Amino acid sequence: MGPRARPALFFLILLRTVAAQGRPPRSHSLRYLFMGASERDHGLPLFEALGYVDDELFVAYNHESRRAESRAQWVLGEAHSQLWLQLTQSLKGWDHMFIVDFWTIMDNHNHSKESHTLQVILGCEVQEDNSTRGFWKYGYDGQDHLEFCPETLDWRAAESRALTTKLEWEVNKIRAKQNRAYLERDCPEQLQWLLELGRGVLDQQVPPLVKVTHHVASAVTTLRCQALNFYPQNITMRWLKDRKPVDVKDAESKDVLPSGDGTYQSWEALAVPPGEEQRYTCQVEHPGLDQPLTATWEPSLSNTLVTGVISGIAVCVIIFFIGILFRILRKRQASRGAMGDYVLAECE
């Protein structure tokens, strides 16, 4: 894995982690992803930023251009010029903050002469009841490093090497209060503004296409429930046995991933006893559905036909051999009868 792949992989893991932390249906999120490299040989600028609303990329910025650039049609237009002015100013400020933090972390690691990467993810979620949750995390060289705790205004170190930076940043209470104000006030306000701009696009709801497939490998029978082409990505999938929930520990689930066309996909698999497939049902809940959708595995016509043909051939083969055996027995009986008559006649 190359140097650039490591921060990209780190961001992918962070996105999944944040999304997996209990996001309820119909919630919305605003995320900013920052990354940078101390040397150009990593293929990254000193600072690069990407902004997402509900996991839809809408803005990009880098240290060289120092300008916010649109990545979505719904934020284009002269009417939104004020938005881009504010975004550019905010990202310039984060550009400066990121570089200062980068040098601080490198100095605390005695890495000033080496090439390293820094990654940051920050943002907020607004739930259906208008409650909010903020997050602000740092990763260094592709590993979790520091996380801001807005409730206590301190930093949580993910590794021992981060303790020096943690103690240094916790002295600056002004910055901690500014961070909390952004996560709890500014970020939710900006998210609501962006949701208004993206009305009709961001609030669309495409229900999932759900199907259950059957797989047999190494004497293990597995049912796989697939949810395809849905939007937004908030979805709940569970297995039921005789209409009762199955323990989640028994199921294997896949993270919700983009399909490449603006929709999402996911699946959940469950190993079941052979012959009991019809006792299991996949239940799916999604904002695009008026009520939970259920699906079961239905044997395909081709499988039924093949089974019938094989069974028919087997029956025919059995009947054929029984017929041959019957004829052989008849011939033997006839031969024995003829021999008996011959002997009796000779005795007379």
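The backbone N, Cα and C atoms fix where each Cβ goes, and this holds for glycine too.
Residues annotated as topological domain 'Extracellular' in Swiss-Prot, with similarity to another entry given as evidence: 23-306. Taken from Swiss-Prot, the feature region 'Alpha-1' applies to 23-114. Residues or ranges marked as N-linked glycosylation site by Swiss-Prot: N110, N130, N234. Swiss-Prot lists C124-C187, C225-C282 with the feature disulfide bond, giving sequence analysis as the kind of evidence. Residues or ranges marked as domain 'Ig-like C1-type' in Swiss-Prot: 207-296. Residues or ranges marked as region 'Connecting peptide' in Swiss-Prot: 298-306. What Swiss-Prot lists as topological domain 'Cytoplasmic' is 331-348, and the listing cites similarity to another entry.
When the neighbouring Cβ atoms lying within 10 Å are counted for each of the glycosylation sites (N110, N130, N234), the highest count belongs to N234. DSSP states for the region 'Alpha-1' (23-114), grouped as helix (H, G, I), strand (E, B) and coil, give 37 helix, 25 strand, 30 coil.
When the domain 'Ig-like C1-type' (207-296) is classified with DSSP, helix, strand and coil residues number 6 helix, 52 strand, 32 coil.
Distance between Cα atoms for C124 (disulfide bond) and N234 (N-linked glycosylation site): 16 Å, as a whole number.
Between C187 (disulfide bond) and C282 (disulfide bond), the C-alpha separation comes to 37 Å.
Under DSSP, C124 (disulfide bond) is assigned to a strand (E or B) in the three-state scheme. Sequence-distant contacts of C225 (disulfide bond), defined by Cβ-Cβ distance under 8 angstroms and a gap of at least six in the same chain, are V210, K211, V212, M237, W239, W267, E268, A269, L270, C282, V284, A295.
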